[in-house]
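In what follows, a structure is listed as structure tokens, so that the remarks can point back to it.
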Amino acid sequence: MTGAFHCLGGLFSPPAFLVVLSQLILTCAAIFHENYHPTRWQVFLLYEFWNVMAIIVLLYGSRILPLLSTIAFVFLAGGLFLTIGLLVGFSPTKAPAEIVWFDFQNLTGFESPIICTMLGLLGPIYGFGPPHFLLNMAEDVKNPSRNMPIGLAAQQIGSTILLLAFYIAAYYTVVDYNALFESSFPSVVGAVYLQATQNKAVTLVLMIIVLAPAFFACFSYFLANIRLLYGFARDGAMPYRDWLSKVDVRRNIPINMLYASSFVNFLLGFVYLASRAGFSIILGSSGIFYAAGYLFFFIPSIANKRKYIGNGTFKLPFAVGMAFSIFTVVYEAWTMVIYCLPPGYPVTASNANMTPVFLAAGTILSLAGWRFYGRQHYRAELAGAVSQH
């Protein structure tokens, strides 16, 4: 179930990157044109453009992706420090410390301040990408038992520290939160920067600092998700294993899985064009699938006291490791609950959260796939890739 749920998450999460890139570009255009209000079809056209760009980059530039990822990381880390400096330096007004550290404003739609707080705390851990970004590439990393824990620790610690610093700077420089939600910018980031600096040129520079690493990271994220889907198909868990698991040796990518994933992205673009709410529900379900997938791994390992899991390069004391595992289960379960709740009560057709429906459908699909196909074809051992030149 872990593999099936993560594949569903990997299938539905890349379109979010495409939409974000499109919104950032249109926001850059709207900064200098106050009367310009980007429309959904313009976001859709840019979405499909980035989808095609991702195919081209992965087909002809896959071998330089590690270099691009390094450039993106340096740009992101350095850009955050530069962003903080520009926000603080150009801001004409500063919010009082009481507002930054003690006042509480709930604009999420949820009445509960606890839920609002938990939603806010979910953000800082994803500054350098969600954990599955790295975990999807475990098979392609040298000495993963050593390098993966180091990478995850750097990702989570770096995200928390840098984004916490960014949030503090933003809170000190933004004084009108209602204006952020009323802004016509496709991305609220542009509204934050413009209000904080009151300078269109500086706002554009700050937007480029956000856009550049997102541009490079998009392709790496696509490849990570394609590798995840490829591994599941390669081991016989999907129909058409031989076709889906073919690898282009020269380009070193699962070529057919790239085409299949890009086609799904293409179709989901039309969902965005037809209904932004429906598109958001599909993307939100990807996070639920990732969270639920981890539960199927951690709960059994807690129940059998890690009896079937060997030791890696790093080893925590048993009690500490179990405590972290239990915390992970509670955290992931809480995340699922948060993202499945409706924004208000009583629940009506207009405010109902349809994410649980996608979770139920994914569960039924995964169980049916195992019952009628996977049980006969799935191979637990790592399978050799079927390659084509």
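The backbone N, Cα and C atoms fix where each Cβ goes, and this holds for glycine too.
As the structure is a computational prediction, the values presented were derived from the model and not from experiment.
Copied over from TrEMBL, here are the features:
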type	residues	note
TRANSMEM	12-32	transmembrane segment
TRANSMEM	44-60	transmembrane segment
TRANSMEM	67-90	transmembrane segment
TRANSMEM	110-129	transmembrane segment
TRANSMEM	150-174	transmembrane segment
TRANSMEM	201-224	transmembrane segment
TRANSMEM	255-275	transmembrane segment
TRANSMEM	281-302	transmembrane segment
TRANSMEM	314-334	transmembrane segment
TRANSMEM	354-373	transmembrane segment
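Highest Cβ contact count with the transmembrane segment (201-224) among the listed stretches 12-32, 255-275, 281-302, 354-373 falls to 12-32 (criterion: pairs under 8 Å). Between the transmembrane segment (354-373) and the transmembrane segment (281-302), the number of CB pairs under 8 angstroms, six or more residues apart, is three or more, so the stretches are in contact. The recorded stretches the transmembrane segment (255-275) and the transmembrane segment (12-32) share 3+ CB pairs below 8 A when only pairs 6 or more apart in sequence are counted, and are therefore in contact. Counting only same-chain residues 6+ beyond the ends of the transmembrane segment (67-90), those with a CB under 8 A from a CB of the stretch are 61, 128, 158, 162-163, 165-166, 169-170, 172-173, 193, 196-199, 202, 205-206, 209-210, 212-213, 215-217, 219-220. For the transmembrane segment (12-32), same-chain residues at least 6 beyond its ends with a Cβ under 8 Å from one of its own Cβ atoms are 38, 42-44, 46-47, 49-51, 54, 184-187, 189-190, 194, 200, 203-204, 207-208, 210-211, 214-215, 217-218, 221-222, 225, 261, 265, 268-269, 272, 279, 282-283, 285-287, 289-290.
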